[in-house]
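Q: From TrEMBL, here are the annotated features:
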TRANSMEM  6-25  transmembrane segment
DOMAIN    11-346  domain 'Peptidase M50'
TRANSMEM  107-128  transmembrane segment
TRANSMEM  285-305  transmembrane segment
TRANSMEM  332-353  transmembrane segment
Amino acid sequence: MEMNIVIGLIAFVFMLGVIVLIHEFGHYIAAKKFGVYVREFSLGMGPALWQKQGKETVFSIRAIPFGGYCMMAGEADNVEDEEDQEDWQHDVPEDRWLNHKKTWQQIVVMAAGVCMNFLLAAILYIAIALCQGYVVVSEPVISEVIADTPAETAGLQPGDRITKLEADGDVQTIETQSDVTTFVNLHPGEEVQVTVDRSGQDQILSLTPELDEESNVYLIGFRSSAKAVPIPWYQSIGEGLKTMWNNTTLIFRSFGMLLSGKGFENLSGPIGILDVTTQTASMGLLPYLSLFALISLNIGIFNLIPIPAMDGGRILILGLERIFRRKINPKIVENVIAASFLLLIGLFLYASFNDIMRLIG
């Protein structure tokens, strides 16, 4: 048990480190491409454990393995007053400041980190598909109804094909068994209307999925038959990208639910991700790589959120300035960024509280 925790911790730190490294490297290579002066490229935060001076950039590894940064001249939110810039920037020619580059170049620099996260996820998903060499086909046809579950209570029967699910106005057409699992976990604890094809006739049944304490996943309570279908290597590439697309749409739907005030109880922070990583790492390389890809996708999409402290927020500010052809007051931007950081810290603390309650619950 203790060895699993150690392995899980190593796997977690390695995974997070690579994802952050790839993200910041995206900013770095885009900045260098456009001639932006990069003072420091850091993996981690806090005190420096190791530093090496490059031609003009200091490369660092810092003590806290959460986060990282690519420190660029003129990145301070388009502040143009020289007195507001840090001392080291005074010696950098202004044509090498990020905020003196063309708007589209600044946007590319801001978006490059997210693009690298998506690229990493795509490579991992394709690698997984190539290693497997097959796809698992699981149709939403019930082969067995588990006793004392919502499925049995609602009256589901072997042979029923689930065709549609509906909850709180959200309607989902069902094509695979995994569609069912995804939908009920997007509506935790909510009553779900289940449409089934039974001997050619549509029937609508109501049930409320129950949380499986062991897997922390909401389930209806049935099994469906699955089969592995071999595929050629070139088709594996498409299957990998298909998996990435499906998970991307799922993440966007999850963020949409959060914006509508739902699903906050399912938020997970570093503790929860560490717990999942520990479980996944013990299952083998491919499940670990799958989680690796999913976290990279999550971080990429999270950075696209139009909150000023995130890459997406800075892209939004650049876009607004381009549209209205005027700079937003730097002090306003600074205050909004500070407020958004407080919001992110609040979400972090709330997610960590959820993680702790799940562990002790």
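A Cβ is built for glycine as well, from the same backbone N, Cα and C atoms used for every other residue.
For each feature listed, report its degree of burial, its nearest neighbours and the pertinent distances within the displayed model.
A: Residues 41-44, 65-70, 113-114, 116-117, 119-120, 273-275, 277-282, 288, 291-292, 295-296, 299-300, 303 of the same chain lie 6 or more positions beyond the ends of the transmembrane segment (6-25) yet place their CB under 8 Å from a CB of it.
Mean predicted confidence for the domain 'Peptidase M50' (11-346): the pLDDT average there is 86.
Long-range neighbours of the transmembrane segment (107-128) within the same chain, counting only residues 6 or more positions beyond its ends whose Cβ lies under 8 Å from a Cβ of the stretch, are 18-19, 22-27, 29-31, 34, 36, 72, 98, 101, 236-237, 240-241, 243-244, 286, 289-290, 292-294, 296-297, 299-301, 303-304, 311-312, 314-315, 318-319.
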